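**Student:** There's a structure below that I have some questions on.
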Amino acid sequence: MKFKWDEFFVTGDPLILGAQVSIALSTIAIIFVLTYFKKWKWLWSEWITTVDHKKLGIMYIISAVIMLFRGGVDGLMMRAQLALPNNSFLDSNHYNEIFTTHGTIMIIFMAMPFLIGLINVVVPLQIGARDVAFPYLNNLSFWTFFVGAMLFNISFVIGGSPNAGWTSYMPLASNDMSPGPGENYYLLGLQIAGIGTLMTGINFMVTILKMRTKGMTLMRMPMFTWTTLITMVIIVFAFPVLTVALALLSFDRLFGAHFFTLEAGGMPMLWANLFWIWGHPEVYIVILPAFGIFSEIISSFARKQLFGYTAMVGSIIAISVLSFLVWTHHFFTMGNSASVNSFFSITTMAISIPTGVKIFNWLFTMYKGRISFTTPMLWALAFIPNFVIGGVTGVMLAMAAADYQYHNTYFLVSHFHYVLIAGTVFACFAGFIFWYPKMFGHKLNERIGKWFFWIFMIGFNICFFPQYFLGLQGMPRRIYTYGPNDGWTTLNFISTVGAFMMGVGFLILCYNIYYSFRYSTREISGDSWGVGRSLDWATSSAIPPHYNFAVLPEVKSKDAFHHMKEEKTELYPESKFKKIHMPSNSGRPFFMSVAFGIAGFGLVFEWYWMGVVGLIGVLLCMVLRSFEYDNGYYISVDEIKETERKISE
């Protein structure tokens, strides 16, 4: 790649200029606030170096909300461009860049970290653990994700964004058709963030299998913990495929290899297969934790034990197996034989069976329950019909012959948004509101929360339901404009109105966070909603102390905390207090991730010397870690008593 210094910063577009100015002003404002209030030491010692799973979860969620804003703005710009025929709001290249970054950010840098953030906050509490199995690795996982996300996101102001679509199909992603650093940003940003996700998968799989409290057998685990365990197993098997695929495509672009080009025996379809062998399990990586969140919320606010617990566990395991057997349905039209298409058509339809089982589990859980229509419960109730719409249209797409009509039309776009927004995004909002007191010590305002729910949910349906009909009328996806005689104007305009309603809903959520911080009553009890059934609500305060439990609880049944309340069990008798071992904070994961970022940035522009320097930094941090003998520290019984006394006051 012949790099030109006058092309280092992206110029010539007022939208990009506005973004550059806002980034500069925001950075200056953050530095000023931290300096003025003397918070640099606090930021370093309490957050950047923390190994506390709860704080890392909050950092994941904050990052995900920022990415939701960035990806949402991309989506609104796309809808603004398509609102009217022959619109010139965006040119074709800018639209392709936004289309690419929107999909990548929402899947990789918003949905996954949001769910991983909730997992970090909740799962160790649900299994009665003090922290995760590998706290140091947990910090490293976050910072590699964050650095990968930042590397990807600076592309739109430095060098130029990727524009080959979020799937980066070859040969479109080759140097010939996508010159410049944009596609390199995609490959290296995802690679670095993917390393962090793989480490998270290993960490939480070990945590759940090895660190459950006394009496918590696998079949007594909360459903959110079960879905997390299965999700982590999928991550461990799926993400190495993505890692290898990204590495091979990087070799094609950076070093002239031919893994995915027809020259020298390469095969473009190899990329499509590798991408979707990871890509479809990825769908279940972001949907299974959502199922767990809805299970916790529905069971809690229906005040009933989850119906069909064993069937629920079996269906989750079945989905995890089938998720690796359906990837070819993403390219039924690309020349596979009839027998291959038939096999993957059958497996795709089969995966709807265990998914359907869970729908009935939730419905029967609510049957004859004393339901409280809180904001989290409203999101859970909205999820069921909207997700079913997405699922039914998914079965339609699973029919290989019919897919020749639906493929690459807006019918498909509507389908996966009904699955991913109604499934994953609704769950992120529901879980965020449900466990908000566990993170910040107070609830979000219910009245404002319900305004957010209704505006966003109605806007979602106004935006995406018309797209089914646009697809049936032949509107292809990924086009940046259309003619007035195509007959798509009215439905596209309606869809755009719905998209901006969703944007208004997001702003209401942000206002709710501010309003609740100022005016909400601070929670005293660890059971903030009064309907808690699992151990995450059994803590002695709304925000758990850093050691989580003064005495590790003993579990005797499913819904352990619910039964403890019924039996009036004393949770934390002082006679059982013992000194608690906790891990020490460390700044090395941060520096190692920065080194990853330096290496990635250098390789984006093919400055190999910078790439080597960055990788040497990574190796140096690993060597220093191997000579580290810090085994953590102990919290004395007196300190535990003092902490618990302050909590109870």
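Glycine is treated like the rest: Cβ placed from N, Cα and C.
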**Student:** Based on Swiss-Prot, do R220 and W529 face the same side of the membrane?
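**Tutor:** Same domain label for R220 and W529.
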**Student:** Pick from 188-208, 545-565: which range has transmembrane segment per Swiss-Prot?
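**Tutor:** Residues 188-208 are the ones Swiss-Prot records as transmembrane segment.
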**Student:** Sequence gap of 6 or more, Cβ distance under 8 Å, 3 or more pairs: do the transmembrane segment (274-294) and the transmembrane segment (416-436) meet that?
**Tutor:** yes
**Student:** In the topological domain 'Extracellular' (473-492), how many residues does DSSP call helix, how many strand, and how many coil?
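**Tutor:** Taking each residue of the topological domain 'Extracellular' (473-492) in turn, the totals are 7 helix, 1 strand, 12 coil.
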**Student:** May I have the list of same-chain residues other than H280, Y284, H329, H330 whose Cβ is within 8 Å of the Cβ centroid of the recorded Cu cation site, in sequence order?
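**Tutor:** Surrounding the site, in chain order, are W276, G279, P281, V283, S323, V326, W327, T348.
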**Student:** Which residues of the same chain, at least 6 past either end of the topological domain 'Extracellular' (398-415), have a Cβ under 8 Å from a Cβ in it?
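**Tutor:** Those are 329, 332-333, 341-342, 344-345, 348-349, 352, 390, 464-465, 467-468, 470-472, 474-478, in sequence order.
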**Student:** How about the transmembrane segment (416-436) with the transmembrane segment (343-363) - do they touch, taking at least 3 C-beta pairs under 8 Å (6 or more apart in sequence) as contact?
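**Tutor:** With fewer than 3 qualifying Cβ pairs, these stretches do not touch.
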**Student:** Write down the Cα-Cα distance for H330 (Cu cation binding site) and H415 (heme a3 binding site), rounded and given in Å.
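**Tutor:** H415 (heme a3 binding site) to H330 (Cu cation binding site), Cα-Cα distance: 13 Å.
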**Student:** Is the topological domain 'Extracellular' (473-492) packed against any residues at least 6 beyond its ends, judged by a Cβ distance under 8 Å, and which are they?
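**Tutor:** That would be 81-87, 90-92, 95-96, 99, 165, 408-410, 412-413, 466-467.
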